[in-house]
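The transmembrane segment annotation in TrEMBL covers 178-196, 202-217, 229-250, 262-281.
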Amino acid sequence: MSVSGLIASPSRCCLRLPDCNQGLVCRQVPSTPIASKPKAKFGKLHLERLTVSFRRWKMQKTHLIKCAMDASYGDMASESGAAMFPRINVRDPYKRLGISREASEDEIQAARNFLISKYGGHKPSVDAIEAAHDKIIMQKFYERKNPKIDIKKKVREVKQSRVVQAVTSRFQTPATKFIVKTSIAFIVLGVLTVLFPTEEGPTLQVAISLIATFYFIHDRLKSKIRTLLYGAGAFIFSWFLGTFLMVSVIPPIPILKGPRSFEVLTSLITYVLLWVSSTYLK
């Protein structure tokens, strides 16, 4: 059979191909392919080429989009001619504005105005500065509406008061050996007062504590007049303060029972105050 220059047979086919010397020449080729492996190989190779081409096209497209965005932002920055705020990405509003947390409202407003005047030509910078300013103002408003007691601030204020400074200026820290010696003496007096209460009260222990106070003050200050004044004044003040605390402030302690429990507790408080006076008073 013949179809458009192709002569075929059940087993062979003749394909007429042009030849520069002989014109059309019939080339006999098998009518059926020898094997299907070349065709499968060609299809796989074609698929790989398509995949590589698609990946290259996708990478080129992404690169072009990124370049276009960078160029766009670069044009905006160059057109405005303004510098970008260096702390634009800082999350803490106080650090972003460059102020402390104890800054007043005037300092916050001054920092905001200064930064706006410097970076006003860059809109993202202005937005970041305004956001930090608004957040700080809202936080200050909430703190005024719901005040919290700042313990550290209160303690600092008490320490800086004139009365406390005048009192603390009358005390000094002696050597460690002296502190240990006075502590042992008054601890022994306290233990004897608790373990051996008498019907007359801890009169002997209180007298010994007064003598120990005179001795320790004179040993530290080397002055008889100051020893007498400090010792007598410390004893009288300690006893009255201990009595006041036992009557008005400190409730009865069930551990200490007996007819003289009031005098025992008052004596213990007196020992503590006498120890402070004889050890730290200057």
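Every residue, even glycine, has its Cβ placed from backbone N, Cα and C.
Automatic prediction, not curation, is the source of TrEMBL annotations.
Long-range Cβ contacts of the transmembrane segment (229-250) within its own chain (Cβ-Cβ under 8 Å, at least 6 residues beyond either end) map to 209-210, 213-214, 217, 221, 262, 265-270, 273-274, 277-278, 281.
Proximity of distant same-chain residues to the transmembrane segment (178-196), defined by a Cβ-Cβ separation under 8 Å and at least 6 residues beyond the stretch ends, is recorded for 202, 205, 208-209, 212, 216, 219-220, 256, 264, 267-268, 271-272, 274-275, 278-279.
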